[in-house]
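Accompanying notes for the structure given below.
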Amino acid sequence: MRLDIVTIFPEYFGPLQLSLVGKAIQRGLVDVGVHDLRRWTHDRHRTVDDTPYGGGAGMVMKPEPWGEALDELLLDPTPDQAEPMLIVPTPSGERFTQEYAHEWAAEKRLIFACGRYEGIDARVMEHAASRMRVREVSLGDYVLNGGEVAVLAMVEAIVRLLPGVLGNPASLVEESHAPGHDHLLEYPTYTKPETWRGLGVPEVLLSGHHGEVAKWRRAQAEERTRSRRPDLLG
Ligand code: 6GU
């Protein structure tokens with residue numbers, strides 16, 4: 001899988017070299033290109049923003065650098081001529097979910113466009129949609145200063161699903177938000193020691209009764225979901 005990230009803060013993506021995603025890059029399971037949007041500016045100040053038509057607070061990202069950036073990235077062909085997908089993080093997007101992570105993990109190439117300020121001139125997405133699939137997505141109902149942190153989160157959610165990335169793929173099966181998991185949050189987990197600061201581990205987990213353990217975990221997952229995320233229950 002090939003990932004291209006366009007941003008005015010390439011340094012944000014240094015941490016992609018760490019941990020599981022970094023290992024996936026080293027092993028050639030994923031190829032990541034981080035590109036400075038200012039490379040596609042032509043003025044002395046390398047301007048990427050301007051005032052909004054119609055007035056209002058803040059600045060809008062100018063379309064020209066984005067248009068040239070996407071033109072150039074599209075010149076670099078994707079293996080098997082697969083059509084790339086453009087992902088634009090924005091608090092006004094559709095909600096990014098684990099389902100999207102699974103869908104996008106099956107793509108050959110994703111291009112992430114990180115907006116800053118009050119967003120990117122809407123014609124960039126309109127024009128790009130004539131050449132590739134475009135998805136504007138939000139992580140949740142809160143506002144970040146730009147798309148960079150959202151892209152880090154989405155890249156991690158996607159790359160960990162690629163075949164061969166996780167040491168133990170069984171951990172994908174039981175986790176919260178896993179498909180076929182009845183939309184339940186994960187049950188609480190414990191490890192040694194058996195007593196810690198006066199707190200014990202639930203008896204049933206020490207019992208060796210696999211059926212009882214499974215029943216207890218299911219009940220815990222249901223109770224957690226009811227109290228923390230009732231919206232996930234039907
Ligand atoms: Cl995807 N972008 C920004 N700027 N803020 C957000 C977000 C995305 N998701 C939640 N807040």
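Start at 1 and count along the chain as shown; that gives each residue its number.
Glycine is no exception: its Cβ is also placed from the backbone N, Cα and C atoms.
Straight from TrEMBL, the features:
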- G115, L139, G140, D141, Y142, V143, L144: S-adenosyl-L-methionine binding site (BINDING)
- 1-233: domain 'tRNA methyltransferase TRMD/TRM10-type' (DOMAIN)
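Feature annotations (TrEMBL) mapped to structure.
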residue: G115; record: S-adenosyl-L-methionine binding site; contacts (Cβ under 8 Å, 6+ apart): M61, V88, P89, T90, G146, G147
residue: L139; record: S-adenosyl-L-methionine binding site; contacts (Cβ under 8 Å, 6+ apart): P89, R95, F96, A150, A153, M154
residue: G140; record: S-adenosyl-L-methionine binding site; contacts (Cβ under 8 Å, 6+ apart): R95
residue: D141; record: S-adenosyl-L-methionine binding site; contacts (Cβ under 8 Å, 6+ apart): P91
residue: Y142; record: S-adenosyl-L-methionine binding site; contacts (Cβ under 8 Å, 6+ apart): P91
residue: V143; record: S-adenosyl-L-methionine binding site; contacts (Cβ under 8 Å, 6+ apart): P91
residue: L144; record: S-adenosyl-L-methionine binding site; contacts (Cβ under 8 Å, 6+ apart): P91, A150
Ask   = Listed binding-site residues are G115, L139, G140, D141, Y142; which sit with C-beta under 6 angstroms of ligand 1?
value = L139, G140, Y142
Query = In Å, how large is the greatest distance between any two Cα atoms among G115, L139, G140, D141, Y142, V143, L144, the listed binders of S-adenosyl-L-methionine?
reply = 17
Ask   = What is the average pLDDT across the domain 'tRNA methyltransferase TRMD/TRM10-type' (1-233)?
value = 95
